[in-house]
Amino acid sequence: MNPNQKIIAIGSASLGILILNVILHVVSIIVTVLVLNNNGTGLNCNRTIIREYNETVRVERITQWYNTSTIEYIERPSNEYYMNNTEPLCEAQGFAPFSKDNGIRIGSRGHVFVIREPFVSCSPSECRTFFLTQGSLLNDKHSNGTMKDRSPYRTLMSVKIGQSPNVYQARFEAVAWSATACHDGKKWMTVGVTGPDNQAVAVVNYGGVPVDIINSWAGDILRTQESSCTCIKGDCYWVMTDGPANRQAKYRIFKAKDGRIIGQTDISFNGGHIEECSCYPNEGKVECICRDNWTGTNRPILVISSDLSYTVGYLCAGIPTDTPRGEDSQFTGSCTSPLGNKGYGVKGFGFRQGTDVWAGRTISRTSRSGFEIIKIRNGWTQNSKDQIRRQVIIDNLNWSGYSGSFTLPVELTKKGCLVPCFWVEMIRGKPEETTIWTSSSSIVMCGVDHKIASWSWHDGAILPFDIDKM
């Protein structure tokens, strides 16, 4: 075979192989398309991934097809029903730990907000910790002077319960130096108070959007609960104060639907003082235990009906639960009048259990240190001193602070009753410690049908921080 014949033979063979390759590729494509059309959902190469972002952003649907991705944004379905919340409170024999954020310990080296007034509130699908930031981080120069209650830098933010109040997981809620928040079953409602002391404004947000406002009506530091508001059958209730902290002020109950105020009523309470109420739903009504910052070491009680009628008085128990306070043995108790003649006070809480009451208080009578919850037989209706249960949450060697109530809805627990829960703030820094800042962490407890041993779930951060030594 001469050279020309060899070239022709090799070329013919190559052309034949090429044609065969093309035919095989065409057949392969046809078969693949036919199979995918007939049974596309059964192959691993075609899959759908659903990711959900926070509460109100979107659902992202990604369909992956070999090396091609198609991204489609669809509306996130909203919750269809309002929560009922007319069930009774569950009977609690003790309180078990639910969460602890350790924010200050983590904040010594993490990006954690300087906060105060943390509180917890729950939706049908989750519980969140809300807190008022100071627009600054722990162990940073902007934390200097954060003992101040009211500033233009304060904002209400939230994280999923148990998370520290860090910059990476926190969600902005409102501009506020006083606040409340609750979920009606469909969306979150927040009330954030901000502005100058004599003309403060409360902005009502629903689903993250401003819907209504409340202007100061007494011109003296309009303020609200610093704990969860209460929603029953789609109507949400909260209490506000406007006026002096050390004498008679003005108090109002507000009612909103979908974030729009549909009712309000003034509370007549001459001689009494109401601030920072801790409220919860119970048998279709809103029950609140509040703070008397004027004279009483017993706590005001407020029970609100759906038509905004109310009863107001004081926790009857013959054991005082505010701080500062006198000796238990010297306190008689009253259902109608403030007793104790001790000014100032601290936000606190309690739960009615029939005619009994669970009531939280600091262990110290004079300072915000230690924390215990006690059960007083007939303490809701009588001047009883019969303490039938006591559980220590924080020992008296460690700082506590505000405390407040919330409930776990039946949608979360699948019970036929509302689980009573509470949180305790643990304040660190100024004025008790040598730092340039004031902040706090929290421990959260929920009622169970067993006795729980006392212990100390204290903050545990080692102070001062590096910034305090400069």
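Using N, Cα and C of the backbone, Cβ positions are placed for all residues, glycine too.
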Out of ASP266, ASP307, ASP322, Swiss-Prot lists as part of the Ca(2+) site with ASP292, GLY296 the residue ASP322
Which one is it, CYS288, CYS290, that Swiss-Prot ties to CYS279 with a disulfide?
CYS288
As recorded in Swiss-Prot, which of CYS417, CYS421, CYS446 forms the disulphide with CYS90
CYS417
Of CYS127, CYS229, which cysteine does Swiss-Prot list as the disulfide partner of CYS182?
CYS229
Taking DSSP three-state, what's GLY296 (Ca(2+) binding site) in: helix, strand or coil?
coil
Rounded distance in angstrom between the Cα atoms of ASP292 (Ca(2+) binding site) and ASP149 (active site, proton donor/acceptor):
18
Which of ASP149, ASP292, ASP322, all recorded positions, has a Cβ with the fewest other Cβ atoms inside 10 Å
ASP149
Show, in sequence order, which residues other than ASP292, GLY296, ASP322 on the same chain lie with their Cβ within 8 Å of the centre of the Cβ atoms of the Ca(2+) site.
HIS273, ARG291, ASN293, TRP294, THR295, THR297, ASN298, ARG299, PRO300, TYR314, PRO320, PRO338, GLY340, LYS342, GLY345
Would you kindly give the Cα-Cα distance separating ASP322 (Ca(2+) binding site) and ASP149 (active site, proton donor/acceptor), rounded to the nearest Å?
20
